[in-house]
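Going by TrEMBL, these are the annotated features:
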type     : residues  : note
TRANSMEM : B:12-35   : transmembrane segment
TRANSMEM : B:71-96   : transmembrane segment
DOMAIN   : B:72-266  : domain 'ABC transmembrane type-1'
TRANSMEM : B:108-130 : transmembrane segment
TRANSMEM : B:136-157 : transmembrane segment
TRANSMEM : B:187-208 : transmembrane segment
TRANSMEM : B:245-266 : transmembrane segment
Amino acid sequence: MSRLRRREALWFYLFASPWIIGFVVFLLGPMVASIYFSLTDWDSFTPPKWVGLDNYRRLLTDDPIFWKALWNTFYYAAISVPLGLILGLWLANLLNKGVRMRKLFRTLIYLPTLVPLVATAMIFKMVLAPSGPLNDLLGVVGIPGPSWLLEAAWVKPALILLSVWGAGGATVLLLAAMKGIPRELYEAAEVDGASSLRQFWSITVPQLTPIIFFNLIMGLIGAFQVFSQVYILTKGGPNNASQTMVPLLFDQAFSFYHLGYASALSWLLFAVIMVFTLIAFRSARRWVFYETEVR
Amino acid sequence: MSVRAFRATPFSYATLIIVSAVLCVPLVFVVSIALSSDQTVNANTFTIIPREFHWENFTRVFSTELPMQRFLLNSVIISVGAVAGQVLSSGLVGYAFARLRAPGKNGLFLIVIATMMIPAQITMIPQFILFKELGWVNTFLPLIVPNFFSNAFNVFLVRQFVSRLPSEIDEAAMVDGLGFFGIYRRIMLPMLAPVLIAIGIFTLTATWGDFMGPLIYLNDESKMPLALGVQYITSTSQALQAPPWNLVMVGSILLTLPMILVYYLGQKYLYEMDISGGSAGVK
């Protein structure tokens, strides 16, 4: 290697050193440590005790709350993510029409996503109170509203409602992508007499599949890691009806100091996220359309 | 040519009006409750359109037994530190990955991409132990310092951004005798402004609203940022006594307003990033 190239390589490693050091100290090291912790029984005050795979065995065969949390997390992700995407797509499509005051509508729809999660949780604690505004409204139409966050049957729908309030995030992304769809496609369809619904399904949706897919992946990963809303609004209750993976992990680690058990839990969470991401990527071949692809 | 898919019907307007109204109702309630007196809030007689205007709630919130102004200041300190860290480090690292040639670079970049898939929960416990050993628990350091080591997503953003700039620019600077750091500082940095501002905005929103980090690391009331403090108001009120909802909502407004302001000032940079590629503009 020439002197110049060596110098350039040296500068590369110098410039990249923040990331490299951060990777080793804050990611690689902790990951290795986490694998070790997950194989021990440890409360952080006494030395860790090696237990092999016992933490994993207990989680999978001996801990009904883990399975409940896993099921709740699935339930939350499986409904909130597609619902948010469908709503986002529908709103983006409306905004993409030549509506007047589009900027105003776009801002109003996007506004909820600017509210920090803690504030969102506070707002929904108030909105969903047993005698709060939502139940007042339901009362007007003659429906006796449930005690949302206090009832096992309604607490998950309540959390999903909170997440759907932020559908504006997807709306803005999808709207930006819609602007990039070539107009000729629509004009050709128009000549063929396609209805607006037909144009939506046969042009808009297929053209957007890459960005829908991206949103689906990011949304699923985020939903599996849901924490603040659950922790603030329900602490997983009532009777673990809203307990999800990360709040459970947090409690095990920082309330009960079961650091080994919680570490094992974090690896199971990672495995679940990986499996779902892989399934999504697998399915993508069938429904995601890329411009350069010839079928 | 007029296309049916883009034709707005009365039905589109009706839907948009109803949906935006429904989405904004909770926010209108927030303002109304923030302006209500204690009696109105306790009696649950507030209305969606405010009937009373107790602006003094906005000053009262600073004179409760909780140190609100301290919460606010803590949020500012943590956020400024985190933003400075990410902006300083991501630019440098991203530029290196885009432009400088070195053996092992491609392998390293694969690792950068791979790390994006690892959930933060995996490293949460060991990091806590690390910071505890360093004596950093109950200080801002665990929330600020890691940002000075950039993160994969931001490095990726900068790298993509730099890759699209013509390489003749830095080659010319090289011929003029500028070193690599000179090129970065004098030539690249000004051109990176849009992507660095976008990174600053992402980092600011993430840090300002972060709940879990402060929950893990900060125990003292005097160290808490606003996001934790607002929640603290509700959790410290007596068991059978309702929290002072008007003050909680004032706190929520204080927590939200900076985000609206940042979005308003920064939206032109966010939209300048290549959103359609799907790599930017994601919270």
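Using the three backbone atoms N, Cα and C, a Cβ is placed for every residue, glycine included.
Keep in mind it's a predicted model, so treat the numbers as computed, not measured.
Residues of the same chain lying 6 or more positions beyond the ends of the transmembrane segment (B:136-157) and with a Cβ under 8 Å from any Cβ of it are 74, 77-78, 81-86, 88-90, 92-94, 97, 112-113, 115-116, 127-128, 195, 198-199, 202-203, 207, 210, 213-214, 216-220, 223, 273, 279-280. Under the criterion of 3 or more C-beta pairs below 8 Å, with sequence separation of 6 or more, the transmembrane segment (B:245-266) and the transmembrane segment (B:108-130) do not qualify as touching, having fewer than 3 such pairs. A Cβ distance under 8 Å defines the sequence-distant neighbours of the transmembrane segment (B:108-130), meaning residues of its chain 6+ beyond its ends; these are 97, 137, 142, 146, 152-153, 155-156, 159, 216-217. Here the transmembrane segment (B:187-208) has Cβ contacts under 8 Å with residues 75, 78-79, 82-83, 86-87, 90-91, 94-95, 143, 147, 154, 157-158, 161-162, 165, 169-170, 173, 178, 225-227, 255, 258-259, 262-263, 266, 269-270, 272-273, 280, 283 of the same chain, all six or more residues outside its ends. Within the same chain, residues 140, 143-151, 154-159, 161-162, 184, 188-189, 192, 195-196, 199-200, 203-204, 206-208, 214, 223-230, 254 sit at least 6 positions outside the transmembrane segment (B:71-96) and bring their C-beta atoms closer than 8 Å to a C-beta of that stretch.
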